[in-house]
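Here's the structure, in C-alpha cells; my notes come after.
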Amino acid sequence: MQSSTAHPSRLALYARLVRIDKPIGTLLLLWPTLWAMWMAADGHPPPALVAIFVVGTVLMRSAGCAINDWADRDFDKHVKRTRERPLTAGLIAPWEALAVAAVLALVAFTLILPLNALTKWLSVAAVLIAGTYPFFKRFFAIPQAYLGIAFGFGIPMAYAAVQDQVPAPAWLMLAANVLWAIAYDTAYAMVDRDDDLLIGIQTSAITFGRFDVAAIMLCYAGFFGIMAWVGHALALGAAYWIGLAAAAALAGYYYTLLRTRDRMQCFFVFRHNNWFGACVFVGAALAYALR
C-alpha cells in the first residue's frame, strides 16, 4: 500500500494530467456547445449527435490540458497552484504529455467521421486553436479572448453538424462566449496574478489591473447584449429570457465576491460559472420544449 501511494500508476498520473478530477473546464466547454446544438436543431437535436459532441468535448478538453501542461511546464514550477502537476513535478516525461494529447485528439476525430465535411474541417481549426492557446500567454495581453474562441468553437461545429452551415447566430454566440470566457477566466487569473507577474506571462487580470472587476462586469454585460439579440432573432420564448435573467442575477452575485479580490472568492467565482452556463442552457432548452 505504501509503495502504491508513493509511486502512482502511469494511468493515475495521466488522469491527473488531463484533470479527470476537475470537471469544471469540461463543463465550461460543454455548455456553449449545448446552447448551439439546441438552437441549431430547434430544440430537438439527434441523441446520437449530442452523445458525439459530449464525448468529444470531454476528450478535447483533456487533450487541451495535456498540451497546456507541456507548453507551460517551465512556468508552472514557479506557481504554487500548478507546481505539483505530474509533468511539472517530473513524474511523467514531456513526450508522454504530447502522446496523451495526440491519442485523445485522434479518438475525438474518429467520433466525427460520420458527420459532414464542414464539421470535419471546423474540427481541424478547433484543434489548431486549442493547441496554440498556451503560447498566446507569452505575448498576447488578453489570452482569455483566444481561450474564448477555443472554448466556444463547439458552437460553429454544432451548427455545421446540424445544418451543414454556420449562420450569423452561431458566430454571434461565439463572440458572446469570448466575452464570457474573458469574464470567468479573468477571475481565475486574479488568483495567480502575483505569480504570473513574477514569471512574466500575460493575463487579462494583469492587463486590466485595478479595472479588473469593472472589465469582468463589462464582459458580462456584452454577453447578455449579444445573447438577447440571439434570443430575439430566433424568437425564443419566455423561458429563455428567464434563463438569461437567472444568469444575470448570478453575475451580480459574482460582483459582490470579486470586488474583495480575495483569491478564494475569485476561484469560487470561476468554478461557479458552470451554473451561469447551465442557466442559459436550461432556459433555451425549455423555450424550445414549451413551443
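Glycine is no exception: its Cβ is also placed from the backbone N, Cα and C atoms.
Annotated in Swiss-Prot:
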| type | residues | note |
| --- | --- | --- |
| TRANSMEM | 23-43 | transmembrane segment |
| TRANSMEM | 47-67 | transmembrane segment |
| TRANSMEM | 98-118 | transmembrane segment |
| TRANSMEM | 139-159 | transmembrane segment |
| TRANSMEM | 171-191 | transmembrane segment |
| TRANSMEM | 216-236 | transmembrane segment |
| TRANSMEM | 238-258 | transmembrane segment |
| TRANSMEM | 267-287 | transmembrane segment |
Range from 47-67, 171-191, 216-236, 267-287 with the greatest count of C-beta pairs under 8 A to the transmembrane segment (139-159): 171-191
Contacting positions for the transmembrane segment (23-43) when only residues 6+ beyond its ends and CB under 8 Å are counted: 49-50, 53-54, 57-58, 60-62, 64-65, 151-152, 154-159, 161-163, 169-170, 173, 177, 180-181, 184, 230, 234, 270-271, 273-274, 277-278, 280-281, 284-285, 287-289, 291
